[in-house]
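**Q** Supplied in structure tokens, the structure appears directly below.
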């Protein structure tokens, strides 16, 4: 039986080693990111690192502050590295994200970083196609029923997370869209973002610089060519 928590922790600790004093970094959301925040907090405490963070969710912000990290809301320059997780990742660097509901802010942080390092356990790496995990899409609550129907024209079935009760940090709802498979992530992202009412799509393409796959014994690191 796989020890997924050990894999997540190994990936997170490996990523935390890359942080240097004086860096301004992005921090995403999710269980693996939580391990990263704690590992980085230990380094800040033990080594006296000076690190500034922009975080993508209120939950990550609370944990970062609890672990002694300096958090800011905005910065005019690009961030040095964004550290985040993923629900699925292929070895071309395409990702499905948003299982924790923070996909819009995660994409903003990733886009405004020089590099995106993705930390995952071994179950998240997909070597053939994406789409086993439902694709999260953040949408406005206004005319949500019509937006769902318009999304389904792309060949998926959609359901509102929490029956519509779930709200993102932006006050919007999440549609979890189930496709049989996603063979062209970039094309699907473009198509779904054309639907009025869609705020952001949980497909990330052309952003990933490195994938750190945690294993029970250590890590496997994949560099993604731009």
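The backbone N, Cα and C atoms fix where each Cβ goes, and this holds for glycine too.
TrEMBL does not curate its annotations; it predicts them automatically.
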**Q** The substrate site in TrEMBL includes 29, 30, 31, 32, 84, 85, 86, 87, 97, 98, 99, 100. Which of 13, 124, 126, 149 is also listed there?
**A** 124
**Q** Looking at the binding-site residues 31, 84, 124, which has the shortest Cα distance to residue 106 (active site, proton acceptor)?
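**A** The answer is 84.
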**Q** Select one residue from 29, 31: among these binding-site residues, choose the one with the most other Cβ atoms within 10 Å of its Cβ.
**A** 29
**Q** Counting across all protein chains shown, how many other Cβ atoms sit within 10 Å of the Cβ of residue 99 (substrate binding site)?
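**A** Result for residue 99 (substrate binding site): 21 other Cβ atoms within 10 Å.
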**Q** Here are some binding-site residues: 97, 124. Which one has the most Cβ atoms within 10 Å of its Cβ?
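**A** The residue with the densest Cβ neighbourhood is 97.
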**Q** Validating a neighbour-count step here. Other CB atoms within 10 A of the CB of residue 106 (active site, proton acceptor): how many?
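**A** A count of 32.
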